[in-house]
Amino acid sequence: MAVEENNMPVVSQQPQAGEDVISSLSKDSHLSAQSQKYSNDELKAGESGSEGSQSVPIEIPKKPMSEYVTVSLLCLCVAFGGFMFGWDTGTISGFVVQTDFLRRFGMKHKDGTHYLSNVRTGLIVAIFNIGCAFGGIILSKGGDMYGRKKGLSIVVSVYIVGIIIQIASINKWYQYFIGRIISGLGVGGIAVLCPMLISEIAPKHLRGTLVSCYQLMITAGIFLGYCTNYGTKSYSNSVQWRVPLGLCFAWSLFMIGALTLVPESPRYLCEVNKVEDAKRSIAKSNKVSPEDPAVQAELDLIMAGIEAEKLAGNASWGELFSTKTKVFQRLLMGVFVQMFQQLTGNNYFFYYGTVIFKSVGLDDSFETSIVIGVVNFASTFFSLWTVENLGHRKCLLLGAATMMACMVIYASVGVTRLYPHGKSQPSSKGAGNCMIVFTCFYIFCYATTWAPVAWVITAESFPLRVKSKCMALASASNWVWGFLIAFFTPFITSAINFYYGYVFMGCLVAMFFYVFFFVPETKGLSLEEIQELWEEGVLPWKSEGWIPSSRRGNNYDLEDLQHDDKPWYKAMLE
């Protein structure tokens with residue numbers, strides 16, 4: 001524990017232990033002599049000072065937001081990977097009802113019309129998620145082997161191969177199916193490496209907002225995908241679906257080109273002993289000189305964490321299940337948060353929005369999909385404020401509660417009012433409009449809470465040595481549940497129709513309680529401070545009162561944050 005207690009460059013707790021660690025690290029670490037001297041001087045001052053005195057850590061000062069335009073744009077370039085995921089979500093919902101797509105990859109009714117069976121629809125839509133799950137686990141390793149930037153370029157190239165196979169499909173649905181698996185492999189790697197790189201290059205006070213830009217790009221992709229489908233639906237040939245797929249080449253080339261401008265992760269650079277490059281990366285992200293003492297302090301903080309992890313040996317898959325280091329608890333949290341993001345029911349609307357709104361009697365369901373896309377995209381801008389100002393826990397709790405209310409109304413109207421004279425008769429236009437309105441409310445609540453925060457939590461919760469593995473498994477949970485929902489939704493809605501909304505309502509109730517008891521607040525903490533929060537065993541519902549060891553006073557009561565004698569229901573009411 002001595003090493004981890006001194007992850008901060010300046011430590012005012014347990015001075016003797018801190019001095020021993022700095023001494024041991026200095027033998028063959030990259031901690032600067034200046035920072036080692038500074039740390040020892042501070043420790044001695046802490047020993048000789050009066051009771052109640054504490055040292056002040058060197059931190060990179062916050063600047064006006066105008067100073068962070070460059071790093072924000074660079075993070076947006078990385079976040080553009082989410083656009084490719086969103087583009088697929090937005091376009092595939094239209095493909096499955098387009099005439100040329102049905103003629104080429106569907107089956108024929110006796111009357112000569114073409115259709116996709118529920119099984120084939122589910123497979124074509126959902127298999128992408130299975131590819132993503134494996135891509136996140138397998139291809140994300142490139143981020144550890146070659147660096148985050150090169151790793152991203154590799155997975156984008158895999159995505160391009162999948163798109164080529166899909167475009168080349170003529171009338172064999174299984175060829176298109178294989179292409180979706182391969183493009184899914186690429187997007188799965190993107191979904192791990194993009195949030196990871198953003199979380200490692202962003203200033204800590206902007207990390208939540210900038211990681212949320214990944215979700216912003218997903219929503220932009222969904223919206224523009226809907227718009228493109230609307231623009232091509234009037235064609236009668238393969239332009240309907242090949243043009244949207246062809247545009248994927250432009251997005252991929254832009255992504256690869258933009259990555260050349262982005263700084264590499266300083267944590268990765270430190271891990272491969274490129275310390276000077278890491279210093280320049282930190283300085284570029286924070287708009288300060290590489291010679292600034294605060295940059296060196298940040299570098300030393302990262303190096304101390306890496307040195308401690310090296311002492312523990314190489315990370316293995318088995319270590320992910322260690323309860324001693326709290327990695328397993330964090331992995332479970334990441335898996336559950338990503339699973340619950342899917343069980344909110346968002347992809348019920350995004351994947352099958354065109355089909356759903358056709359069933360409520362709308363003449364042009366493509367137009368309604370565009371409305372949903374606009375609401376989703378615009379709402380995500382608001383999420384950039386909510387993530388940092390409300391905090392991560394409050395966002396998740398508030399989102400679960402409000403989405404539950406919207407889903408109850410949506411399902412209840414669909415079950416009781418949509419077909420007042422039976423399904424053989426026309427649907428009620430008023431009930432259909434009501435369902436669309438509450439669908440938009442639901443999407444607003446989702447886009448401002450669970451959509452971005454799930455990725456933020458996954459990107460910042462794991463130690464560096466096991467980060468890619470943990471993020472891959474957590475993301476795989478998202479993709480697997482996305483597959484299950486996308487594949488089984490046609491069957492479930494055929495059997496129970498809008499009662500399906502009550503299933504998601506139950507999931508939203510469960511996730512509210514899960515977040516309250518198992519997800520701590522990490523807003524405004526550095527990645528190393530989040531590590532300390534977990535190691536100290538702070539109760540999630542008390543985590544907002546936790547202060548890192550480097551900033552505590554002598555009267556700080558840590559034990560009160562680690563225990564709670566009140567019944568659970570009283571803890572929730574406080």
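Glycine is treated like the rest: Cβ placed from N, Cα and C.
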Candidate annotated as phosphoserine in Swiss-Prot, where the set is S32, S281, S550: S32
Residue pair R417, I496: same membrane side in Swiss-Prot: yes
Annotated residue, phosphoserine, per Swiss-Prot; candidates S50, S427: S50
Phosphoserine according to Swiss-Prot, picked from S39, S424, S428: S39
Same-chain residues near the transmembrane segment (367-387), Cβ under 8 Å, at least 6 residues beyond its ends: 90, 93-94, 208-209, 212-213, 215-216, 219-220, 222-227, 229-230, 349-350, 353-354, 357, 395, 436, 439-440, 443-444, 446-449, 451-453, 456, 523
Predicted model, mean pLDDT over the topological domain 'Extracellular' (363-366): 67
Recorded stretch that, among 71-91, 122-142, 243-263, 395-415, 436-456, has the most CB pairs under 8 Å to the transmembrane segment (473-493): 122-142
Stretch among 150-170, 176-196, 395-415, 500-520 sharing the most Cβ pairs under 8 Å with the transmembrane segment (436-456): 395-415
Per-state residue totals over the topological domain 'Cytoplasmic' (143-149) - DSSP helix, strand, coil: 5 helix, 0 strand, 2 coil
Contact call for the transmembrane segment (176-196) and the transmembrane segment (500-520): at least 3 Cβ pairs under 8 Å, seq gap 6+: no
Most Cβ pairs under 8 Å with the transmembrane segment (71-91), selected from 150-170, 208-228, 243-263, 395-415, 500-520: 208-228
